[in-house]
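Undergrad: I have a structure here, written as structure tokens, and I will follow up with some questions on it.
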């Protein structure tokens, strides 16, 4: 039974004897045979070749790297080598074996000589354990068996699940804090003086929201909208934004400690990836010369320009979404349906959010292809270097795809649209959107809520159903073929390998960067959870609920729906850590900008301490009394633009002027002194918030050491013992 274990299976179509493809396949298999590989052929619907490496290859590996897998070689190891290491070495040799025509396996797969190459899921005790105790929905709240995941899928996959589990665990605290802030907002918004003033403003006439069919309207008509806005935009939001900036730092620092503990236990803390790569190159070809590091400034300049061009395209798409919302707003405002007319702004924002999600789905596929093309231009030396380069590019593209529209809503919506009588227009026709008098933060809240909900429902359903449907269809086709064979002649006794190999082939294909996709999905989610969390306090709660499902979804895909992933060795999560640290800094900047610019927190504080009734002596009224009236400017309707159709007057009102959200003088519409006071206060708050938050982050990073003292002490004791052993050997040799 031990001898019947196969390291890899190569699958191809049947080709005519003597054909070009058949000749190429035979040459490749002959090269493997020369290296001592055992090859077994099985004919089914496809042609299967099982390959098993000779034990000498693994003995060389142990000698060159001083038996790096001693800690786990006893766990059902094959020839004293763990299955994960065997698969990794064989994968390396398969992909670095060159035929006499100077073609490697990836060239042959591109030319359809081979269709697939994959390691096998083994029917072992650990496999059944992982299927029953890990890859099950019912285990959603149970601890993950990281050691067994490492034994079966290798350290890279185990570290991904360890990181995801740690991230989800700490998200629970952020989710609880966000829920408290949100509930506090719900309980206090009805008593907010600002929303109370909006609800009672039955004689405040607002300027029309569009040029043709839009009427004058009363500020009190938007009472509910105002209450929802102040449910999100309150003092608790500022505290929560600061909390999330600290949380992001503490999460990363604690993860570094957790990672140090885990990889020390695996004896991989000082593992050298380059040394392992050089050892494998020598095992594959003893005459091999190491690849040299190369750098071309010309090539780097070209790639940088192409990346900038792609970013400009993505920003252009965000502009397209803005134009869509402007046109949708004009359409809804002029429709005959009263409900759509009244909710034109909200409907435009919601439709814009759905369209934004669709662009994210489409552009994710395009971004991936562009990033891979740019990586091929760079010609990276190693697999890890290629993955790092790809990570930086795809994350940059995905960041602009996901956040360009949000950045516009947060920081530009309602601030570049002009004012009545002098609106900024798209194509000289449609005027840009305005913020609601109670603030812009609700638009950002709606956009984030829709995108996060769609990403975490539709995307996860597709992510699960795609491999599930593929696997089911292949298995059904296989059963149909078997049934037709049983109706025919009596079949010979079936090779036990045949069904095992066919069952593995029927599983969904594992993409080269499949684990990368899981990381990217989580890191983009982490960005949503931290960067604009001030506008959407429920983001950590949604992320927490999603991650509980995501862990089991990924486990089920890996164990039940996909072929076995190549088990790579690793001692950290790679360049993703730097990406997460960059997101932590962006989170401080983003939340500072949301509070300073998007939120009404600063204008309200300026009003309270400069213009409110509280500034007068012996005043007992609420300090925000009169804020709404103070924040609205006056426009004379005789100053409307010539092509603006002045709407009919409201019944019972003789209208000569209307109000709009801005700080402008009534005579020449220039900015008032209050506008510049608020502008200065926004800048001061932004500088203060970001410096305080970054200082707190630095203090937290210093306060929580990256490496636990137990790990440091362990290495110190190990060094001491090694030196002591060398000293005793030296003294013994001197005495002799």
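Heads up, the Cβ atoms here are built off N, Cα and C, so glycines get one too.
I grabbed these lines from TrEMBL:
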type: DOMAIN; residues: 83-146; note: domain 'Anoctamin dimerisation'
type: DOMAIN; residues: 149-715; note: domain 'Anoctamin transmembrane'
type: TRANSMEM; residues: 157-186; note: transmembrane segment
type: TRANSMEM; residues: 237-255; note: transmembrane segment
type: TRANSMEM; residues: 302-332; note: transmembrane segment
type: TRANSMEM; residues: 344-363; note: transmembrane segment
type: TRANSMEM; residues: 390-413; note: transmembrane segment
type: TRANSMEM; residues: 523-549; note: transmembrane segment
type: TRANSMEM; residues: 570-597; note: transmembrane segment
Undergrad: Average the pLDDT scores across the domain 'Anoctamin dimerisation' (83-146) and report the rounded value.
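TA: Mean model confidence (pLDDT) across the domain 'Anoctamin dimerisation' (83-146) is 90.
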Undergrad: At a Cβ cut-off of 8 Å, and with pairs 6 or more apart in sequence only, do we get at least 3 pairs between the transmembrane segment (157-186) and the transmembrane segment (390-413), yes or no?
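TA: Contact absent: fewer than 3 Cβ pairs fall under 8 Å.
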Undergrad: Can you say which of 237-255, 302-332, 390-413, 523-549 has the most Cβ pairs under 8 Å with the transmembrane segment (344-363)?
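TA: Comparing 237-255, 302-332, 390-413, 523-549: 302-332 has the most Cβ pairs near the transmembrane segment (344-363).
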Undergrad: Take the transmembrane segment (390-413) and find every residue of the same chain, 6 or more past its ends, with a Cβ under 8 Å from one of its Cβ atoms.
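TA: Beyond its ends, the transmembrane segment (390-413) has Cβ neighbours at 307, 310-311, 314-315, 317-318, 321-322, 349, 352, 356, 359-360, 363-364, 367-368, 370-372, 374-375, 433, 435, 440, 443-444, 447-448, 451, 513, 516, 520, 523-524, 527-528, 531-532, 535, 574-576, 579, 590, 593-594, 597-598.
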Undergrad: Restricting to the same chain and to residues at least six past its boundaries, which positions have a Cβ under 8 Å from a Cβ of the transmembrane segment (302-332)?
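TA: For the transmembrane segment (302-332), the nonlocal Cβ contacts are 209-211, 340-341, 343-345, 347-349, 351-352, 355-356, 359, 363, 367, 370, 374, 377-378, 393, 396-397, 400-401, 404-405, 407-408, 426, 430-433.
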Undergrad: DSSP on the domain 'Anoctamin dimerisation' (83-146): how many residues come out helix, how many strand, how many coil?
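TA: When I sort the residues of the domain 'Anoctamin dimerisation' (83-146) into the three classes, I find 33 helix, 3 strand, 28 coil.
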